[in-house]
């Protein structure tokens, strides 16, 4: 067999086993763990290449042939960092491995047949990840959705009804009528969507009615009163209907302290938002909750990574988002109680330790909806620069850290909200919500986004040009965004109760409608690469944080990767 140099191989087929790739301008280096393709039998589209009739393409149609094949993709996922062809059929991932023509090639997987009906997308040299999942959405403006989508987020979970004050402050779509309106509005968008109902209710029939109306879970928020009674009854109904509860705890400790909230939770699973506390929660020690086995702890992106500007920008954000008045002394004291540099500094290291498990945005309510992915990788890079390689790493790479951080916005939020059977990773059988990245732009600007197996967004040049690449090149909606395609390629998530009762038919929904499940039988140990439990303590006077008796903190960064190098403003 004729051999070519490794450099020539990479330029033609992308990196293979043992090759290392830098992510953006970070210090994070991945190493390809294995290559599922067969050397000498790689498939590639183009002039003089192999995807041709009688070569890598079979000439007879079959029920097994793919709709789309991504060739020689470098997959970065919680399942591994490896090279493979990805086959898509009927909107789902049909196979991952070696694609081609079994009649002519060795090692072709049975479910990766390239045939007359197969489109080809050249992924050699590109990184493929699962679409991001943002679980902390204030649905204040619909313009958030395309902004998030362009960043690589393909699923948004939260609540709201538009720019009402309740929505500006809390991620809640309250009541049957509002849920109906939001479920119908969801039809318009290239984005998977799920809505959280109001959990601040101690009368259980009112809670049940919202789940039966299509909510995928509850949000308990202090602005509506995060009392032990509300927490207890909300979790009762969540257990009954198998839905998740997200909570923003009681900053002012009006109805109890963090210990009282944990007592009301009583060991039941709950998803804590902005668990550090600057976004809200028991002052000064809500961060303690992150170490508990039944807590699924998340960060929102205004506090990660910790920089020299973090503290200063939070005051103004807080006053606006929670309808506070700088002329009222008590409102200013409320804001001051939430912004603690010491706990923010600890948050970065708690992510690196795998104690904090999920990242999200808090969109237009202190967080930036288009920066979940970027800020996750900035945090990973900042931590590597400050603390060095993780002890779990093997070889001259950062693969363990990369898997830890990609899990925070893909598989872990999917597990937390009962949608991991459908989305959240690059695995066979899941919906093909995939993001393609050039390594140089990884984490900051995707090349292309495939939604439900069809291209929905891409960087694209002048439509009047003779080729697709002349300037101006920017994100443009593709055919997956238009017409009835968006009904087949996007999911509206609802409760099992609403799904079984026929909510799709009742509301006349055209989109794919699927039920959430397995929300109540999980603990932190089910979260990938971020399952560490620990005893966390906060000094009530200095706000310093200790984990199992050892102080944890980090420095405020002066400069970040994935920042001004890639952006005009």
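Placed from the backbone N, Cα and C atoms, the Cβ positions cover glycine too.
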Listed in Swiss-Prot for the Ni(2+) 2 site shared with 219, 248, one of 232, 233, 274: 274
From 348, 352, 362, 381, the one annotated by Swiss-Prot with 136, 138, 219 for Ni(2+) 1: 362
Entry from the binding-site residues list 136, 138, 219, 221, 248 having the most other CB atoms no farther than 10 A: 136
Ni(2+) 1 site shell beyond 136, 138, 219, 362, criterion: Cβ within 8 Å of Cβ centroid: 137, 158, 159, 170, 171, 246, 248, 273, 300, 360, 361, 363, 365, 367
219, 248, 274 excluded, remaining Cβ within 8 Å of their centroid (Ni(2+) 2): 136, 170, 171, 220, 221, 222, 246, 247, 249, 272, 273, 279, 280, 281
Packing count at residue 362 (Ni(2+) 1 binding site) (other Cβ atoms within 10 Å of its Cβ): 29
Entries of 136, 138, 248, 274, 362 which, being binding-site residues, have CA atoms within 10 angstroms of residue 221 (substrate binding site): 248
